[in-house]
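A.B. asks: The structure is given below, and queries will be raised subsequently.
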């Protein structure tokens, strides 16, 4: 994990002193990416700045690297996992360090830009070849390491982060509202997306994964080229047609184990984010084969109720690894300060910022505070995208199968093609509720020609670059930590993408290839555990409630700052934002809150872009963790610390309305709803359309009958209404009376 910045003069060069002054500002803007060292290389045409986080060869690994005669200058942000093999293949070269990245300068000498085909790793690279008078900017195959650039009047500048570019006096600083508001994922549209990646800032380019930019300083010609194409890999999908499924599974296991082991190479401490799911469990298992490492888990209301935290505790115990359960409490001011959220948003530099980033930022911060020598963190990112992790989520409830998943993917692809053609055919679908136009006809004007699965994978590939890798890099870097992702070893991804069409159903439904590869490695309680979202799912309301209260803080400070300036006020109707907030406050589920937060993020970024605030790391304050020795015996205490009601309703319990609550029925029976009043004021509306049978159960609560009795009267199971009962308890609408307690004694 390091920070790059550079200036390439395309016309008459400025003085080296002036270049250094500008480069210094660009490097300082991302100093947290490299707190251990700061180096510069400047000549008449090119200036490089490097901020180093030292992980291998702590003493001598300064960059930029030069070849023997100084004609080639290289900066590398990332890790070259096969550097030892590459180094052994390079003869007659003088290596000055034992850093993994120094191998690049000599590999380029031998092979030119084709060197990149030999690398296993994650990287963004800048090469200044004085002999050819060319500069190359190179990015790894999945965009794990960031690299942005912009062309100015007489120069091209590049950096690891956008905020570094903004430090250049001539760089445009303007948020791209049109790009953000029309982004398919930001708006939540259910469509495939194969568009090039974007930065969401005007004239700032995001160098796509698997690409390099070549700048010829003799002709000033610039060209971008692909050296690795996921689409080409997918189009070769039959090249493992002759392999037996067992061989595909075993090959996958071997590659994953090798990738995890390579990701452990370090001269400093390595840690692991342990979620309780199959992905981080796999990484933890293979990592534990080689070394002991501390694991870190989010312990929140959501991860408690979806049992992620519990399974993480159990797995760490089984693997004999220390596990830190980091406590996220709803009312914790450390989490919920507008200024700290703006700090996080500026770290991320994208509207895709929310609770996931908040949780992970503080998890990194905690890890750094209690383990100061920890500089590397392993995560399970990238498994879902290529192993079929979202297949169960995307398949419809009425058809939870691979076929149902493909049906949903087809719909997403149809929506993408409609978009490409300006929605000119969508009116036919609107007439009938389904499209009479053949998907193959829509595809006839689309150059990608991908089948549904391929289209889906290409969409997730873009998502990785725009969301997963982007955030994991920024949040780790802001805490002086490098994030490593074993599932994004290109050999592993190519292996999965080579699974023949006929075997996808068996190996890519619910990540079967991963689960089956661990059959002899982990207990079935881990390998067969269903996928649960990090904080989404049935208890996402806890997280949305936390973020909602953040927006309300200090009299709606974040909303006022986001939309009061001229750029935002001309685009967003602020009064409607406040109306949405009022609506959400009355919605126990805080439905679609994340889309409101993204709009607020856009407004804040638009404002902060003009201010370019600095990013500083402060680990003097951090969240606390809970020491858990036995989950079952401590479960009640854990729930109490999380402010989760211990009053889980059971069938033998007797329910009663809170004495201050009144249920009001509308005059017309056709409305099928009731109004819930507290102390004479209507607070909630409960509609049968929204909650189904719960409406009738609520009306039948009388303080005398057990819940089982009421449920039996209506032919309803406890599972159908348990969520609504818990919500009603949390909002003090109903109380629980246990049998054999005195009259009026409730809990």
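Using the three backbone atoms N, Cα and C, a Cβ is placed for every residue, glycine included.
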A.B. asks: Taking Swiss-Prot at its word that 52, 53, 54, 55, 56, 77, 78, 79 bind L-glutamine, choose the one of 43, 69, 100 listed for that site.
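C.D. replies: L-glutamine site check in Swiss-Prot: besides 52, 53, 54, 55, 56, 77, 78, 79, the record includes 100 out of 43, 69, 100.
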A.B. asks: I need the neighbours of the L-glutamine site defined by 52, 53, 54, 55, 56, 77, 78, 79, 100. Which other residues of that chain put their C-beta within 8 angstroms of the C-beta centroid, in sequence order?
C.D. replies: 1, 2, 61, 76, 99, 101, 482
A.B. asks: Counting only residues 6+ apart in the same chain, whose Cβ is under 8 Å from the Cβ of residue 78 (L-glutamine binding site)?
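C.D. replies: The answer is 1, 2, 101, 121, 122, 123, 124, 125, 140, 144, 145.
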A.B. asks: Given that the record lists 52, 53, 54, 55, 56, 77, 78, 79, 100 as binding L-glutamine, what is the largest C-alpha to C-alpha distance among them, in Å?
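C.D. replies: Greatest Cα-Cα span of the listed binding residues: 13 Å.
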A.B. asks: Relative to the Cβ of residue 52 (L-glutamine binding site), which residues of the same chain, six or more apart in sequence, are found under 8 Å away?
C.D. replies: 2, 34, 36, 37, 38, 39, 61, 62, 63
A.B. asks: Give me the mean pLDDT over the domain 'Glutamine amidotransferase type-2' (2-218), rounded to a whole number.
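C.D. replies: On average, pLDDT over the domain 'Glutamine amidotransferase type-2' (2-218) sits at 95.
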A.B. asks: In whole Å, how far is residue 100 (L-glutamine binding site) from residue 395 (ATP binding site) when you measure between their Cα atoms?
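C.D. replies: Taking the Cα atoms only, residue 395 (ATP binding site) lies 43 Å from residue 100 (L-glutamine binding site).
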